[in-house]
Amino acid sequence: MNKEQLRRQQALEYHAKGRPGKIEVIPTKEAKTQRDLSLAYSPGVAEPCMEIFRNPEDVYKYTAKGNLVAVISNGTAVLGLGDIGPEAGKPVMEGKGVLFKIFADIDVFDIEINEKDPEKFVEIVKALEPTFGGINLEDIKAPECFYIEKRLKEEMKIPLMHDDQHGTAIISAAALINALELQDKKIDKVQIVVNGAGAAAISCIKLYVALGAKKENIKVFDSKGLIHDERTDLDEQKKEFVVKSKPMTLDEGMKNADVFIGLSKGNTVSKEMVKSMAKKPIVFAMANPDPEITYEDALEARKDVIMGTGRSDYPNQINNVLGFPYIFRGALDVRATKINEAMKLAAVKALAELTKTTVPDIVNMAYNEKNISFGPSYIIPKPLDPRLLSYVAPAVAKAAIESGVAQHTIADWDAYEEQLNKRLGIDNQLLRAIGSKARKDPRRVVFADAENVKVLKAAQLAYEEGVAYPILLGDVNNIKDMADVNGIDLDGIPVLDPKSKDKETEAMRQQFGELFFQKRQRKGLNRYEAVKAMKERTHFGCMMVETGEADALISGLSRKYADTIRPALQIIGKDEKAGKIAGMYIMLTKRGPLFLADATVNFNPKAEELADITQLVAKEVRAFGITPRVAMLSYSNFGSSDSPEAKMVAKAREIVKQREPNLVCEGDIQPLVAFNKEILKENYPFSELVNGEPNVLIFPNLASSNIAYNLLQEVGDADAIGPILLGLKKSVHILQLGSSVRSIFNMVLISVIDAQMKGKTDVDEAIIKSPWWKRFRKVSHDM
Ligand SMILES: NC(=O)C1=CN([C@@H]2O[C@H](COP(=O)(O)OP(=O)(O)OC[C@H]3O[C@@H](n4cnc5c(N)ncnc54)[C@H](OP(=O)(O)O)[C@@H]3O)[C@@H](O)[C@H]2O)C=CC1
Ligand SMILES: CC(=O)C(=O)O
Ligand SMILES: [Mg+2]
């Protein structure tokens, strides 16, 4: 089977497996009990019906309309496959529905209509207005699509857009602006050739002209050749772009052109045509699924080309997927009555600008690349960039408000942005808060496992983002080589090898070893062993933190948990005030962050110990600016079982409440009850959790906690940050085996905040004074 056959088979299997197709409808309300049914349907449902009857606006309050978009097609121009009919177009429409949902949390019904007559089509779509908050017209051929869209825009009061026209125009315009900048060309000077004069092409040309391109510099070709003044077969849209010329082939038209825009059919452009273009050409071959010319061929033809296609498997994917989810999100959120020019231009600007900002590592990881940055192979954001939603949707919403088509306004844009991020389920909210807290007072963080590419990348990111001053421990040459090979810039980041034979390091090992010996001399350690232990990076790193040469230690990526925690306990030790040491996880779930403990240290805590753990976690949660609401979990509810395990949890809760009466804390309680307001209200109205869900979950033992966090991570799709070690005198944190760059970076943020909580060292002062730091910097600069 060749590559093409394999791709075909995989695509068919993907669509056919399990429940056929790509979408299903999921209820948003409980519909399990007889009571639920009587509310969801008759008789209860009559109440919202009558409310909406009295006030039609309430349809947005009591139904899904406000977040529901129709993706509507008649299948007359499906991708570049042509008029394949409404049924054959359905996989594409379902696909658009999936993209609306995953990128912008917009629900979609795909509607394939068996109607080619524009007049009848308009009547059908118009009649759907009560159901939907917005209409995305899709894959309807030109010239009918122009009439259909115009009529519907005039006659409907919900946002409506023909995506092949405007979505494509917006994305390709953003890409064009950036490509022109890189090729050092001006939009009003460039010669543009457009192949295709259909829905997408006509709309793109109009937007480029609005952005400054000159009509007289644009040659447009359709299936019959150049659109010129001697042709008698042109519709109104095409007539707008006639040039005074004799008939001409595409080969002739492309000679010396600066820009080629392909919105026609696959494989219509040859390498020779690209070769004949002007210096530093721009080629956007956007036909789907096959572009006018392949990415490889264009690059083979010209080294100086900037090339984009509509496909996801090459750089520069110029595809309307970058627009429609976010444009509709912004439009729906302000209840815009239309999608107007101001909103489209705002989207263009936001997309063009986003491309120039630093690409987060999560995007590099998603595309398995090292350093995606603005340049010939990155002129437009990547579709998997999670920032698109919070960049483009607010820009569109703002433009809708300013241009007077919004029926709702947004007062707090920061809150709106947070709400957008929450929609994606990433819960950047907490991470952003942690990030800005760390950035306000960055600390020196030692990385014990620096001979690791992921650690190096996380350290570089931490340094660049100003959240920490990393110090790397390991073989200096090895680290330098790794950094070079992987394009990691370590300038400004000190590197030190605890095994080094140089005098200064040896003296330091002696000094650290002596201190270690004093701490452990009656605990089985002799002086020789103590000094030797300092060649070990975790021991050395712990000692740096203990002696104030650093503020925090990150370790454990390549060693067992116990091998990291032991030196931390022996060298740094427990904070006696904390009572206990415990391991907490932050789980970023769709319902918001949950703090879980103890999943790492105490196997079977007694009531007193569980109370200590609870208070430790509550204190840490407050440090993140969150008010803790604790559920002490069990298999029983408020004494429903008199087993020793259940009683232990109830007793622990009693101790917590005696010590901290104001801490919201419930137990013994099952998760099902703790998270279900209705059950609580009905059966346990006295509970402190009646007024809000818990965010801290304390488990009765290590096994249940560890299993729960693993399950949440694996089955519940929650991201985990941790384990966050609580109860040590100083900030030491241990990475999970195989942690990603993002999770290491998150642990750096946590360690900095922990260090902030634990000491008041003025970092700048300390850095300036520290002979170590000066030496590290020298080592690093010599690299
Ligand atoms: N990357 C992206 O985001 C998007 C890509 N597209 C792609 O653009 C293409 C066109 O889509 P759309 O505008 O919706 O479809 P339309 O049917 O409205 O337009 C197709 C146009 O292509 C022209 N055409 C067909 N064959 C040739 C040829 N051999 N040489 C020159 N022109 C030709 C047609 O000419 P005539 O008028 O003479 O029939 C027509 O003008 C498709 O491949 C589609 O997948 C579309 C939207 C978004
Ligand atoms: C991407 C798209 O909408 C198309 O090719 O038709
Ligand atoms: Mg389309």
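Just so you know, glycine gets a Cβ as well, placed from its N, Cα and C.
It should be emphasised that the depicted structure is a prediction, and the values quoted were computed from it without experimental measurement.
Feature annotations, reproduced from TrEMBL:
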{"type": "ACT_SITE", "residues": "LYS96", "note": "active site, proton acceptor"}
{"type": "BINDING", "residues": "VAL78, LEU79, GLY80, LEU81, GLY82, ASP83, ILE84, GLY85, ASN288", "note": "NADP(+) binding site"}
{"type": "BINDING", "residues": "GLU138, ASP139, ASP164", "note": "divalent metal cation binding site"}
{"type": "DOMAIN", "residues": "20-153", "note": "domain 'Malic enzyme N-terminal'"}
{"type": "DOMAIN", "residues": "165-401", "note": "domain 'Malic enzyme NAD-binding'"}
Cβ-centroid neighbours of divalent metal cation site GLU138, ASP139, ASP164, 8 Å, sequence order: SER73, ALA77, VAL78, VAL92, LEU137, ILE140, HIS162, ASP163, ALA199
Residues near ILE84 (NADP(+) binding site) in space but at least six apart in sequence (CB under 8 A): GLY75, VAL78
DSSP residue counts for the domain 'Malic enzyme N-terminal' (20-153), split into helix, strand and coil: 64 helix, 18 strand, 52 coil
Fewest Cβ neighbours within 10 Å, where candidates are the binding-site residues GLU138, ASP139, ASP164: ASP164
Candidate with sparsest Cβ neighbourhood (10 Å radius) among GLY80, GLY82, the listed binding-site residues: GLY82
Candidates GLY80, GLY82, LYS96, ASN288 (recorded positions) with Cα within 10 Å of GLU138 (divalent metal cation binding site): LYS96
Of LYS96, ASP139, ASP164, i.e. the recorded positions, those within 10 Å of GLY80 (NADP(+) binding site) when Cα atoms are compared: ASP139
Other C-beta atoms that fall within 10 angstroms of the C-beta of VAL78 (NADP(+) binding site): 24
Length of the line joining the Cα atoms of ASP164 (divalent metal cation binding site) and the residue listed as 'active site, proton acceptor', in Å: 12
Annotated recorded positions GLY80, GLY82, LYS96, filtered by Cβ under 6 Å to ligand 1: GLY80
Cβ contacts of LYS96 (active site, proton acceptor) (under 8 Å, same chain, 6 or more positions away): VAL71, VAL108, ASP110, ASN136, GLU138, ASP163, PHE324
Annotated binding-site residues GLY82, ASP164, ASN288, filtered by Cβ under 6 Å to ligand 3: ASP164
Among VAL78, GLY82, ILE84, LYS96, the recorded positions whose C-beta sits under 6 Å from ligand 2: none
Site diameter for NADP(+), Å, by largest Cα distance between VAL78, LEU79, GLY80, LEU81, GLY82, ASP83, ILE84, GLY85, ASN288: 17
